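Colleague: The transmembrane segment feature in TrEMBL is assigned to 12-35. According to TrEMBL, the feature domain 'Aminopeptidase N-like N-terminal' maps to 111-306. Annotation source TrEMBL lists domain 'Peptidase M1 membrane alanine aminopeptidase' at 349-565. Taken from TrEMBL, the feature active site, proton acceptor covers Glu419. Annotation comment: TrEMBL describes His422, Glu441 as Zn(2+) binding site. The domain 'ERAP1-like C-terminal' annotation in TrEMBL covers 661-975.
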Amino acid sequence: MSERKGVSLSVPVIIAGVASGLGIILLVGLLSGLVGRPNNCIPSDSTTVKPPTQTSHNPLGSTATVSITSTIPFVTNDNRTLPASTTRPSDDRTTKPMFDFRLTDAILPTKYDLLLKLYFDPYDSKLDEKFKSNPYKGEVTISFDVTRPTNKIEFHSDIEIVITKTNILLQQVNSDQNIEIQKHGYLPNQLYEVITKNELSVGSYRIKIEFSGTTKKYGLYQASYIENNAPRKLVTTRFLPTYARTVFPCFDEPSFKAEYEITIEHPAKSIALSNFPDEKKETFSESGQTRLRTKFAKTFKMSSYLVSFAVIPDDYEYKTIKALDNLEIRVYGRNSLLKLGQGELVLGFAKRAIEYFSDYFGINEAIPPKIDLLAVPDFFVDSSKNWGLSAFNEEYLLYSDKVNSVNDGVVIARMVANEFAHYWTGGYVTPIWWDDLWLNEGFSTFFEYQAIDELVQDWDIHDQFINDHIIPIMWEDGFVSSRPLKFDVRTPADISFAFEQLTISKSAAVIRMLHSIVGAEKFKQNIRNYLSSNAFGSVSTYDFYNAFDLGDKIPTTTEDFVDRWLLQKNYPEIAVLIENQSEKTRVNFVQSRFLLSPIQEEDPDLITSPYNYKWEIFLECKAGGEYVNGKPQHTTGSIREFEFFLANDRDHFDLDRVYTWVKCNKDFTGFYVTEYKNELFEVFESVLLENKDLFTIGDRSNLIHNAFELAFLGSKSYAIPNLLSNYLTQKETSMIPFKTFIWHINKIATIIEHRSSFKNLRSFILQMIGEVGSRLNLDLWDDSGDAQTRLLKADLVEFQCRMQSAQCLNKATELFETISDDYFVSPNSGEFNNPVPPNYRPVVYKYHMQNTYDIFDWVRMYEFYEETNNVREREYAIEALGNTRLSFLFDLYLSELLTNDLGGIKDDDIYKIILSVAKNPNGRYFAWYYVREYWNYFSIRFGQTRPISQIVRKLAESFDNVVLLEELEFFIDTTYDDNTDIQFKAVDITINNLYWVADKEKEFTEYFSGFGKKSKFYN
């Protein structure tokens, strides 16, 4: 056993923890005893509550209703007119409004000369120093233009940055004469004001400010880790979106672009990196210690959030490769990992990716003179999204085929491609304000898939976009608690709200629709025009509209079309109705707003749509089948593909002959649900059984998704998804439709996993997987085949174990027991191999823990979590530890979150650990208890509550009874949290679950129990 670096969870410690664990178990047991059990979870007649607006029927029965008593406000601003907050405040005010967050444009920065003096020991041997903040000092000289006379200079500076009057010097450019400062000081909302005695005339000035601060868990971030059994520290930055102001005084809004000359003074035995190459390095002495000074080249004109620098121990290594015209790309990482070749995959892909984007955009001036990709242990975000120096959490940059799965490689490629796409769509051209963030995040996400689809074709990444983005975000956007892509961004909380997954995924889906409309070549021309016409500038959505030409394919403008997708939440449902006439088929289209949620807005003025929830929709459809001797033949005859532009509530299109079926949303490129009559879904099933390739992979995934969404809502019966499961079992070979099916089943399983109906679903799915494996001749546990086959097998194994297959669980245990104890005790030595293929390690670790009562295995896994240098293996260990069946270990595991010891839980893992316990059916109540009990602790420790608010929302996905709803509402009403959007979504999801349990669970059980196709339709 290696020497412990922190709390050693040995058997005696565990035995001591049993007592406290039993206390928690008793408390949770009492709570769970109050919660309705599987056979009586529907609210009783005595439940007196009422939905905000009654739907067409009450799914809880005539005497039982659901109440929403929480005071959480709805997201309120969908108005087409731009809100007042998007206009910059005037600079002649004499007092600072409390809720004014924007800077004026009377002062425009042009250049920063930034000196940072960092004081920390990268080889610090004190084990208790992990959470200690280290001081730094700095000087910044900001050159700026005054655009209209003023005596007020306002910029951003967090109150924790120390500035004193004697440290501020103001001069006019080309003059050494100081300008007299009358007063200065902090303002609300992280602003700082300098008022001059006399008015500044239009011209160029500079202000020099000396300041000091400390490293934090955001902004200027200090990471601690173990290398070669000894502590290490490094410092790096992540300023997106508003953290630059917490490190140095600056104009911290995206439109205030300027050049930066950065100099860093740092400890000996360390390396300094920044956005641009270093120009000069020198040693100097300070307080008797030798230190280093590194000066970097002047950067592009860029926003403050793109500034990046890092100071790392000098035993960090790098691998390098050349791309384009002598562009150097370096991957920095811990020596212990890079010597194992873990930087090679990303290095090769980075070269090809930057060359792809250079060719696609045709604008090389957006490429920095060097590119550094830095792998950071224990990084608090996935990546930093900067120009020239990007920091990544190690798991998203380093790869080893001995440890990482095929999917890990896909994720790493996506992260790097996304980072490079930001060079053009976030750095070279930047949104003026965060309400136009969709331009940045949407394009970078869209192009990450475009690049990988071109560079790594055997991954089929083009269709993976459907399951990665479209399906999950259509579910999220299907609730009344959703929001538009473009909304009123006022406060820092609003800015965080803007960075939610909805912005990333839905905006990428809208861009994908535009690509489908205009075609690949015209789309490229439009993007090049958009970028070149706004080079190094800041843009609004309207600049994009002016640059992007839809052509004559649809009779509308870019603004009219896109605005309906940006300014309205949710999405349309298109009813496709076939009317066969004597010599032709008429296709009738009817659009309406789609909502998964039964909740409706109480006040029509509270949430408004500028277009009354009507969209302009580009429909791509195909028609097939024919009548032979009066009988329908669904797979013969010609296939007719056609396009239609739907701008009204209803319209129609006449085909050239009579067809037996019409299917719309070709390749699943449209962000809408299509509804068909039950008879047409039956026709689709027969086509899929006879010749599935008449529909593309995207088409097939789209049919499955539509069926589940419509059935969950209640407008269709679960007979429809049951029909499509029949074709999946008998004919499907592609991973993508299977993943769509698995995603939807898992969503429902999360609701019913605590209920008796889960047993019925379990038997259905296990038999289905067995038949699929037999038909495809798949040995599900054999890690061979092409990438698609290996991914499919891993997905099916995970699904099988999730459904509690005894065979799967026992196989996981069998494989776990092939791993030697030495591997877990000394995972970094390289002496001991793990015989379990990486594609199966997450399943083996996780489900063995669910399948065993052996405490020693759990202890061994915890020690492995503490010891391993491989962040992906650490992720697997976290999931496994949270999936134990030994309830008393939940308390012990979660209690570790409250320690500050270097060898204990890592900062980056805390929320993952709570979530791993929350996802365990046996751990849900423990996680829910800990979130409520220690809310304030985590809020203070991390300075924000949004991540833990997201855990509450994830927990709500499994809430299935009124007691849990009442607990949720009480918690929200009695706990301070400004993340009202997440709170409202959690309540919305929970209420929706209650409706589904009361109205649809019985029907779902009838169709998904006793494997096979059912013929009965409910509606």
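Including glycine, each Cβ sits where the backbone N, Cα and C put it.
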Colleague: Which three-state DSSP class does His422 (Zn(2+) binding site) fall into?
Modeller: helix
Colleague: Helix, strand or coil at Glu441 (Zn(2+) binding site), per DSSP?
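Modeller: Going by the DSSP assignment, Glu441 (Zn(2+) binding site) falls within a helical segment, counted as helix.
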Colleague: Within 10 angstroms of the C-beta of Glu441 (Zn(2+) binding site), what count of other C-beta atoms is obtained when all protein chains are considered?
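Modeller: Glu441 (Zn(2+) binding site): 26 neighbouring Cβ atoms within 10 Å.
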Colleague: What is the separation, in Å, between the Cα atoms of Glu419 (active site, proton acceptor) and Glu441 (Zn(2+) binding site)?
Modeller: 10
Colleague: Looking only at Cβ atoms, how many others are within 10 Å of the one on Glu419 (active site, proton acceptor)?
Modeller: 25
Colleague: Within 10 Å of the Cβ of His422 (Zn(2+) binding site), how many other Cβ atoms are there?
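Modeller: If we count other Cβ atoms within 10 Å of His422 (Zn(2+) binding site), we arrive at 26.
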